[in-house]
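Copied over from Swiss-Prot:
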{"type": "BINDING", "residues": "83, 182", "note": "heme b b562 binding site"}
{"type": "BINDING", "residues": "97, 196", "note": "heme b b566 binding site"}
{"type": "BINDING", "residues": "201", "note": "ubiquinone binding site"}
{"type": "TRANSMEM", "residues": "33-53", "note": "transmembrane segment"}
{"type": "TRANSMEM", "residues": "77-98", "note": "transmembrane segment"}
{"type": "TRANSMEM", "residues": "113-133", "note": "transmembrane segment"}
{"type": "TRANSMEM", "residues": "178-198", "note": "transmembrane segment"}
{"type": "TRANSMEM", "residues": "226-246", "note": "transmembrane segment"}
{"type": "TRANSMEM", "residues": "288-308", "note": "transmembrane segment"}
{"type": "TRANSMEM", "residues": "320-340", "note": "transmembrane segment"}
{"type": "TRANSMEM", "residues": "347-367", "note": "transmembrane segment"}
């Protein structure tokens with residue numbers, strides 16, 4: 001008799017995705033982040049669901065409902081901080097996952113990569129709207145500043161902003177719709193993640209060498225299930241330590257002040273995971289130019305496969321490209337730091353130089369270096 005997991009319509013999908021899936025035998029811990037992102041999404045949906053049971057999306061009561069969750073709801077403080085810091089863990093895993101893809105040439109799976117870029121945009125949109133919901137000072141002013149950027153779009157800009165706001169400023173209508181979108185988008189993300197996996201399983205996983213691994217495949221279970229469980233345990237350990245020991249480490253103190261449209265905070269800045277893009281936005285003195293640079297800072301990922309000039313897929317055997325990759329990482333960390341600093345000398349010029357370097361590395365320097373490496377090797 002054939003095993004039920006291979007015949008049952010639902011079980012065989014799970015079987016071919018997580019049990020009998022042929023997997024390269026040499027994939028490293030950098031391949032753990034896909035499963036970690038899945039766990040992060042599950043944590044966010046579950047904690048978010050329980051928060052939504054007690055949250056009210058009204059400007060008069062939103063802030064106090066979050067306070068009520070933290071003070072009066074059983075383990076409400078735990079659920080709230082798991083959700084807030086879970087978002088940070090989500091983005092850490094996302095950045096590492098994308099970085100892995102860039103380093104090892106996983107972007108050559110075009111469909112998988114493009115769905116991934118779409119997922120990144122969806123997660124960023126969800127996180128932005130979630131940050132508005134507690135209705136603190138930084139929530140309100142962050143929403144005002146970022147939505148106002150759309151007014152830079154020629155002709156339709158100001159109408160578009162008012163349409164998104166549902167009025168002439170960020171108000172009750174804005175908060176209500178942001179809550180609705182923040183609730184629905186994670187399910188869209190889950191569906192997109194399913195499509196992401198579907199396309200990945202069409203080709204099979206890449207591996208550190210960037211070479212075809214058809215000759216050396218092993219079943220996903222038990223080898224990689226146990227490896228994923230280790231990664232998940234480490235993720236939960238880090239998240240738990242963050243939540244229980246310093247839950248406000250990554251947050252902004254201004255968000256403990258209720259939103260006040262009459263009082264602007266001295267430094268408006270988004271959550272840490274958007275600071276690199278915010279620094280790029282601020283480094284261009286023109287409003288429309290800044291908005292375009294902001295969008296392109298993420299959208300540029302979609303063009304990476306077209307800029308691949310190397311004869312090798314992975315950077316494993318390309319020391320010059322490796323150096324440039326780590327310069328890119330350092331540059332992104334610099335941008336993240338600059339995004340959190342006030343707009344004054346010397347931060348302005350550092351931000352501008354780091355922004356130029358970011359685009360130059362991805363669009364010009366790395367493709368040319370790859371061509372150089374092709375000629376350095378005897379093919």
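Cβ coordinates are placed from backbone N, Cα and C, and glycine is handled just like the others.
There are 20 other CB atoms within 10 A of the CB of residue 97 (heme b b566 binding site), with all protein chains counted. Each residue contributes its Cα atom, and for residue 83 (heme b b562 binding site) and residue 201 (ubiquinone binding site) those atoms are 30 Å apart. Each residue contributes its Cα atom, and for residue 196 (heme b b566 binding site) and residue 182 (heme b b562 binding site) those atoms are 21 Å apart.
There are 14 other CB atoms within 10 A of the CB of the residue listed as 'ubiquinone binding site', with all protein chains counted.
Contact counts against the transmembrane segment (77-98), taken as Cβ pairs under 8 Å, peak for 33-53 among the stretches 33-53, 178-198, 288-308, 320-340.
Rounded to a whole number, the C-alpha distance linking residue 182 (heme b b562 binding site) with residue 97 (heme b b566 binding site) is 23 angstrom. Contact between the transmembrane segment (347-367) and the transmembrane segment (226-246) is not supported: fewer than 3 Cβ pairs lie under 8 Å, counting only residues 6 or more apart in sequence. With respect to Cβ pairs under 8 Å, the transmembrane segment (288-308) is most closely packed against 113-133, considering the stretches 33-53, 113-133, 178-198, 226-246.
For residue 196 (heme b b566 binding site), the count of additional Cβ atoms within 10 Å of its Cβ stands at 21 [all protein chains shown]. Separation of the C-alpha atoms of residue 97 (heme b b566 binding site) and the residue listed as 'ubiquinone binding site': 17 Å, rounded to the nearest whole number.
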